Each structure stands twice: as structure tokens, then as C-alpha cells.
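Novice: Before anything else, here's the structure in question.
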Amino acid sequence: MATIFSGGSVSPFLFHTNKGTSFTPKAPILHLKRSFSAKSVASVGTEPSLSPAVQTFWKWLQEEGVITAKTPVKASVVTEGLGLVALKDISRNDVILQVPKRLWINPDAVAASEIGRVCSELKPWLSVILFLIRERSREDSVWKHYFGILPQETDSTIYWSEEELQELQGSQLLKTTVSVKEYVKNECLKLEQEIILPNKRLFPDPVTLDDFFWAFGILRSRAFSRLRNENLVVVPMADLINHSAGVTTEDHAYEVKGAAGLFSWDYLFSLKSPLSVKAGEQVYIQYDLNKSNAELALDYGFIEPNENRHAYTLTLEISESDPFFDDKLDVAESNGFAQTAYFDIFYNRTLPPGLLPYLRLVALGGTDAFLLESLFRDTIWGHLELSVSRDNEELLCKAVREACKSALAGYHTTIEQDRELKEGNLDSRLAIAVGIREGEKMVLQQIDGIFEQKELELDQLEYYQERRLKDLGLCGENGDILGDLGKFF
């Protein structure tokens, strides 16, 4: 990690991928459920090749009134494992399933349960984790048959072995995975001491770390956060509809009021097909348009071949040893940033807004420090949007390029080697690792190329002093000095 910038040790790139430690699930981690109904499990859309657990689960949904004769999809074995396949032609925005709120797993369900009292002060995601663990152990749980179809683990990197994680050597995803696992472990150990042990009768014995990671993985991969007034909800059957990069909208899940049984009304989780689908084809949704491949790997255990999903996070920091620390921090905070700022850079996209101004702020020093005076406080960010001085611009370019080269040196393979490996028959986890390595390096090379080009243009850039002189009418369009400047300095 290079020490850069005048006035202190600033490490702009900590190779950090997740922003903070609030692991309330991100956007819709979806897969949804279907509804059918008929006289037998086979007649409501299941197939003989489905496991007994899935068939039992389907029958339970039928008994709960979730599956009706009108349900246009069936559970089927597909390339991804299980999925939803159309029983008939489905038009775009057709409703394919509805699930009543009484079957949702969310903080309200926790609050209404026997453990609600002891979980009332917990972060919502932690209370739901405890609820999942407890309900899975109960023979009389409403969700017994739902838990029967859930996997013990997925290909999410939180479940990888040490040997498998070594394939991510040098990557941000490896560091993020280790950080997430350590964070979850610490939170769950606190839960054990503060909630489980003082209330042993409410929880299974023992509750292991594996139980915590199972529940965390279920929540991370299945929690849906885009319903009205619902930030954390798991909907049974939400893990059967699969993701497709071909779906480019996320507007497919709704909370509606409707019939939830023969004589009852309730809020319903309603899922619409985002695309027109022919009978026999699989129905897909888009899990999240904004997630990088690293986030997809961490949350769901897969990546897309789409290069635009490749990303790298630059972490910039104002060093406390910087002689202008207080002023720089004030400027950063006044413009929506903090002492540490994270910038996600995606392949084939422009640099994110705020990155260059923040870099220039961190690098600011020497004769450029006058911009930190209170006189400029309301206008400094506008000045930082443009090049300040040659020294400042050269310093930030050098810092970024050195950080990129340092990061690239941390991988144990080259892009060419990764691409050669991809031609082989890789298992799912190795394929993820190779794809992540390749993608991160592609973005790092892109960043390095951007700032290499900026270095080549340093002599052609217009800097603050030249712009100021032009504003005063003392500098021509070609940069020629006009008149006697002595009286202005």
C-alpha cells in the first residue's frame, strides 16, 4: 500500500468492496414462487423428477391456497437447478404468483413469535436470522416444508473452503468475503451470549456457527427489499425464479391487497413476468441491475459473463496526519463525502462523479493550499471539478497508477491465463474465481490507462491560475499573459 500525497500518509486504495458493515439485504434477491392448485401434486404443475421435499412443499402451498388452478407456471428442473417454467404463454406484466403476508418471514413475523420479546432491540436482520434458525428446528413450524427445500449452502463465497478461497488471491472479493465472515461471526457470538444462552428454552440446542451462516446466507440471497414498507422480507418460493441478464428491468414485484384464502383478505406478494414467455420456457427476473459480479458472487453464488458487471472499488482517505486535515475534512463533508470515500468503478463506464474532485482534495498541498482558506469554502468543490495545478494533477495520477500496479501484482495469474482457464471445463466455484480475477484486473488496467492518458495530457490542461487570469481578462485564449500582473500579486 503506497504512501502518497504531500502532507501525510494517504492510502487511497484499501481495495475495499463492501461499504460498511450493515448487512441488511440489498435490493431484491429474488426468485419467486408460483401458485397452482389441483387434485394432486403432479396435476398442479410439479414433475416426477422433482424431489419429494419439493413435491411436499408444493402440496403445502396448495393447501395454503397459494397454488391455484390459474397459476401459469410450474416448478421444474432447469440448468440452474430449480426454476419456474411457463405452463402456457405468458405476456409481459402478467401476474405469475401471489403469496399472502401470513407466509412472509420478516421482522413482523419475528415480533409476533415467541422470541419477539427477546429480539425487540436487535438489528432487524439479526432478529430474522434467529427466527430462521429457530423455525427450522421446530417440527410444528408453519414454514416446515419451506425449510425442507432450502439448501444447506450455495456457491456464495461465504461458504467456500480455504482452498477454494485461495483461487481469489489478490482480489477484493477475497478481502470482502473474509471481512463479512468475520463480522457475521462476531455478531452471532454476541447473539449467543446476549440472547440465546439467557433464553435457552426458546432456541434449539446447540446453535452452531454453521447454523448462523446458513441463516445469513438464506437471508442474503433471498431477502426482498423493494416492497412498500418492507425492507427485509423472505417470501417462501422466492428462491425458485432465476436471474437472467436478459431482463433489464426490476419493476416486477408488488405488495397488493387481495384474497388470501377462501374467506380472507391480506397483503399479497405479487410477482409479474418482466418478459413475454412461451409455454415450456423458463420465467426469469432481474435480481439487481446495479450489483457487480463480486456482489453477485457474494450474495448469490454466481457471476454474469457480461463484462459491464466487472467492477473495482477505489477507497480514498484523508489522512489524519495531513497538515490540512480539518479543512479537507470540512470540504469533504460539505460536499457529501467523509474522511474515507468509496468509488465503484465499472468496466466500460466513465469514472464515477466525485472521484476526481476528491482525489484533488486529498492531493491538495503546497502553493495550492490557498484554496482551503475560508474565502473559497463555498466554491472550492467547483474548482476541484477541474484541474487545480500541474503538480496536483501529476501527483494524483502517479498515486492512482502506483496503486493499480500494486493491486495487479497481488494476483497469482494474468488475464491471459484466466482466459485460457475459462476455455476448460471448470467447476462452478473455480469458474466464479477465474471470472472475478479476470474482471478485477480488466478494471484495474482500465483505470491505469485512464490516468496514464491524463499524465500524457498534463501539459495541455488548463489549471486554476490560468482560468483565474482569463476571468480577470489578463490572459489570452492561447495562454498569453496580458499587461502588468505585478499589481495583482
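For all residues, glycine too, the Cβ spot is worked out from N, Cα and C.
Copied straight from Swiss-Prot:
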type	residues	note
BINDING	Glu80, Gly81, Leu82, Arg222, Asn242, His243	S-adenosyl-L-methionine binding site
BINDING	Arg222, Arg226, Asp239, Tyr254, Tyr287, Tyr300	substrate binding site
DOMAIN	64-288	domain 'SET'
TRANSIT	1-37	transit peptide
Novice: Checking the spread of the S-adenosyl-L-methionine site as listed (Glu80, Gly81, Leu82, Arg222, Asn242, His243): what is the longest Cα-Cα distance, in whole Å?
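Specialist: With Glu80, Gly81, Leu82, Arg222, Asn242, His243 as the binding residues for S-adenosyl-L-methionine, the largest Cα distance is 16 Å.
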Novice: Ranked by the number of other Cβ atoms within 10 Å of their own Cβ, which of the binding-site residues Arg222, His243 ranks first?
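Specialist: Comparing the binding-site residues Arg222, His243, the most crowded Cβ belongs to Arg222.
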Novice: Which of the binding-site residues Tyr254, Tyr287, Tyr300 has its Cα nearest to the Cα of Asn242 (S-adenosyl-L-methionine binding site)?
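Specialist: It is Tyr287, whose Cα lies nearest.
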Novice: Can you give me the Cα-Cα distance between His243 (S-adenosyl-L-methionine binding site) and Tyr300 (substrate binding site) in Å, rounded to a whole number?
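Specialist: Distance (Cα to Cα, whole Å): 10 Å.
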Novice: For the binding-site residues listed here (Glu80, Asp239), which one has the lowest count of neighbouring CB atoms within 10 Å of its own CB?
Specialist: Glu80
Novice: Between C-alpha atoms, which of these binding-site residues comes nearest to Tyr287 (substrate binding site): Glu80, Gly81, Leu82, Arg222?
Specialist: Arg222
Novice: Consider the binding-site residues Asp239, Tyr254, Tyr300 and say which one has the Cα lying nearest the Cα of Gly81 (S-adenosyl-L-methionine binding site).
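Specialist: So, spelling it out, the nearest of the binding-site residues is Asp239.
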Novice: Going by C-alpha distance, which of the binding-site residues Glu80, Leu82, Arg222 is nearest to Asp239 (substrate binding site)?
Specialist: Arg222
Novice: Over the domain 'SET' (64-288), work out the mean pLDDT and round it to an integer.
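Specialist: Reported value for the domain 'SET' (64-288) is a mean pLDDT of 92.
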Novice: From the Cα of Tyr300 (substrate binding site) across to the Cα of Leu82 (S-adenosyl-L-methionine binding site), what is the distance in angstrom?
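Specialist: That comes out at 14 Å between the alpha carbons.
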Novice: So for Tyr287 (substrate binding site), how many other CB atoms are inside 10 Å of its CB?
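Specialist: So the Cβ neighbour count for Tyr287 (substrate binding site) comes to 25.
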Novice: Out of Tyr254, Tyr300, give me whichever of these binding-site residues has the highest number of other Cβ atoms within 10 Å.
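Specialist: Ranked by Cβ atoms within 10 Å, first place goes to Tyr300.
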